[in-house]
2 protein chains.
Amino acid sequence: MTAEPFKIGLLGHGTVGAAFAELLPERADQIAATTGLRPEITGVLTTSRGTFEEILAASDLVVELIGGLEPARGYVLAAMAAGKHVVTANKQLLAHHGEELWAAAREHGVQLRFEAAVAGVVPVIRVLQESLAAAHVDRVHGIVNGTTNFILTQMASTGASYADALAEAQRLGYAEADPSDDVNGKDAAAKMAIIARLAFDTPVHLDDVRYEGIEQITQEDIAYARDLGLSLKLIGTAERVGEGISVRVHPAFLYAGHPLASINGSFNAVTVESPAITEITMSGPGAGGPQTASAVLGDVISAMIPPASTPETTQQLPVVADAESAFYLHLEVEDRPGVLAQIAQLLGLQGASIKSVVQQGTGSGARLVMVVHPMLESKFFAAVDLISRLDFLRGTPRAIRVLDEEFAA
Amino acid sequence: MTAEPFKIGLLGHGTVGAAFAELLPERADQIAATTGLRPEITGVLTTSRGTFEEILAASDLVVELIGGLEPARGYVLAAMAAGKHVVTANKQLLAHHGEELWAAAREHGVQLRFEAAVAGVVPVIRVLQESLAAAHVDRVHGIVNGTTNFILTQMASTGASYADALAEAQRLGYAEADPSDDVNGKDAAAKMAIIARLAFDTPVHLDDVRYEGIEQITQEDIAYARDLGLSLKLIGTAERVGEGISVRVHPAFLYAGHPLASINGSFNAVTVESPAITEITMSGPGAGGPQTASAVLGDVISAMIPPASTPETTQQLPVVADAESAFYLHLEVEDRPGVLAQIAQLLGLQGASIKSVVQQGTGSGARLVMVVHPMLESKFFAAVDLISRLDFLRGTPRAIRVLDEEFAA
């Protein structure tokens, strides 16, 4: 059967763009057989080649893989204004300008698809927008940055320091030469903004997302956690809190039974919780040229067949700054009577309930490692602030969140 | 905003049907806000109430939750012939008559959606049909029956016998009074037939799927496996073998690192392997009224917006009977010299390579527990048949497949 051509304009030819240009012809026969249209790349825009206007004029659909805010935003808006569908992998663009872009897609009756912008080939966008279109989502947890998950997995499995694990990630291509936006949590924050927008049907901007990275994590944190049966991940959380929502990214320990605890290496995973369904977990490679290109291609095919537009939001939920969490707290103290009692009292004054505590001598001093049950973060940190001023404290207290106590053995 | 009504005819009012009738009005406002259409149930067919013709005439879409082959097949065909979209949770219907039904959907230009027929709320159908529409899938592994996974999890965690774990599953509502089609593997086989059809784009009938159940699994199998770092699951496999495919269901051990090893209780999970994407794993509740109803509702909403038809198959791949697998083999033997050598020789003649072997005394005899590297099942069973005739063997050899050696620690 002869299939009509379906013309794709490709903006950007970096790792993902090149992988997409390689994947498309390999799968074109199969796509032509099932859709009746044969996709082909009719123009490629790079910094040295092509003009946007020429490529747009020759395209049925535009794939944006330039990244960054401008000129990507201008190109995507212009393509949609010209009646073309757009597929993008650009998380920063959507976390900053999502509402503007989705509104433009609705206005011009075109599709804007972005599976590859979040968690690579893990189909979290499609599942949130389609399978769970009418579900009341309570909470999403995600490991949405492969670089940091690789580094933390290395530290846990080899005993490497943060610096050595980062260097190994760079050597293997899992981290860029400048890894700042990965290791400081900003990349994950952009992805959680997009996830929260879809999960809760309310506008969420990158600025609404609090984030911490993994730069301060030490080998000792990970080793102690292991003694408590915990593993350490950089976790994105989007959840309903009262009448609002909280969206944040920070390192957190997970009990062995948690669905995200076994996600190792550069993989990504997302768990969606909703009363009607309990929870769905999805995992897979979160990055990589061929993997991301595969997610782009899935979107292209969906756009070639018919639409599924991102509907206008119907709610405007407040973003809540404070949230509840269980915590691991690690203190180095002088070994003298009454130390534990004073610390427990300061925690108790803020409403903390201690789940477990381990005390160890360290020669000249002692080490206290405790886990406290979920409590408001503001109250926990207020207690830690008071504890840090105690005269018998040696060094700074180390606090790390613990996810979902129900998975504890 | 006033939304136009979207009329749903509901066939069947059992556990899932009742849950769907309860869920729909709860979510109708949200659906109306995002789609512009307000779904409502305009007719319900039960054995004592309603006629199919009246319900069909008053519907924009028909939800089939009767189960079984007839009259479900006739109703679904008649609904599509009348130009109505159909959403069904009926795995036996699709595993027997899928090609006829999908052809009818294409002929009449309507949608036939069936996410709820496989793995409940785990979005495996949508991901295979849409996200991975153009992916070359090599293999799918699935835990697609919640009853058996619950029973095996109980046996592993409490030390219960198969009979006691089954009784507990029945008491808690995870197993029916007559659990035959769950525990013998037939339910999982129907689901794997549907998955294989979508993964490999070739017709697959239930009769093409080999299946074994868990009725013969003993507490001892599970205890020994644990000593080897393995857990036991009822695993569905659909994979390419040479130019053909193999689709089968059987108990199998998994190494702790396998993505399916940590799927416990009544949860389902599916892992899809494809060269371009490595693998995607999805997990969640595989059954239950509200969960399945939620999957049905996701399909209804997708059908309310526009189409995504199941395309005609473009290939006709042969179904291969034999397949490769690693095996665990447990033998009770008399404790005398030369026993291990003779067994190893019989295995070696069939090309088996032994990965590990543990020998233990048992008072009057000895117990050999070994794991062999992947080999053709036919050859492995030929060796076991010869071994079972050795005069020093006490009792029947016990053989269980081992999944994916690469996850071994």
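Any Cβ shown, glycine's included, is placed from N, Cα and C.
TrEMBL does not curate its annotations; it predicts them automatically.
Under the heading active site, proton donor, TrEMBL lists B:Lys191. Classification of B:Lys191 (active site, proton donor) by DSSP places it within a helix.
The Cβ of B:Thr15 (NADP(+) binding site) has B:Gly289 as same-chain neighbours under 8 Å, each 6 or more residues away in sequence. Annotation source TrEMBL lists NADP(+) binding site at B:Leu11, B:Gly12, B:His13, B:Gly14, B:Thr15, B:Val16, B:Gly17, B:Ala18.
Here TrEMBL flags B:Lys91 as NADPH binding site. Listed in sequence order, B:Ala117, B:Val118, B:Asp187, B:Ala190, B:Lys191, B:Ile194 are the same-chain residues six or more apart from B:Lys91 (NADPH binding site) with CB atoms under 8 A from its CB.
Long-range neighbours of B:Glu176 (L-homoserine binding site) (same chain, six or more residues apart, CB within less than 8 Å of its CB): B:Thr147, B:Gln170, B:Asp182. When secondary structure is read from DSSP and collapsed to three states, B:Glu176 (L-homoserine binding site) falls in the coil class. Summarising the annotation, TrEMBL assigns L-homoserine binding site to B:Glu176.
The domain 'ACT' annotation in TrEMBL covers B:328-398.
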Fewest Cβ neighbours within 10 Å, where candidates are the binding-site residues B:Gly14, B:Gly17: B:Gly14
The domain 'ACT' (B:328-398), counted residue by residue under DSSP: helix, strand, coil: 23 helix, 29 strand, 19 coil
Chain-internal residues near B:Ala18 (NADP(+) binding site), provided their CB is under 8 angstroms and they sit 6+ positions away: B:Gly289
Fewest other Cβ within 10 angstroms of its own Cβ, chosen from the recorded positions B:His13, B:Lys191: B:His13
Neighbourhood of B:Gly12 (NADP(+) binding site), C-beta criterion under 8 angstroms, separation at least six: B:Leu45, B:Thr46, B:Glu64, B:Leu65, B:Ile66, B:Gly67
Binding-site residues listed as B:Leu11, B:Val16, least Cβ neighbours within 10 Å: B:Val16
For B:Leu11 (NADP(+) binding site): DSSP state (helix, strand, coil): strand
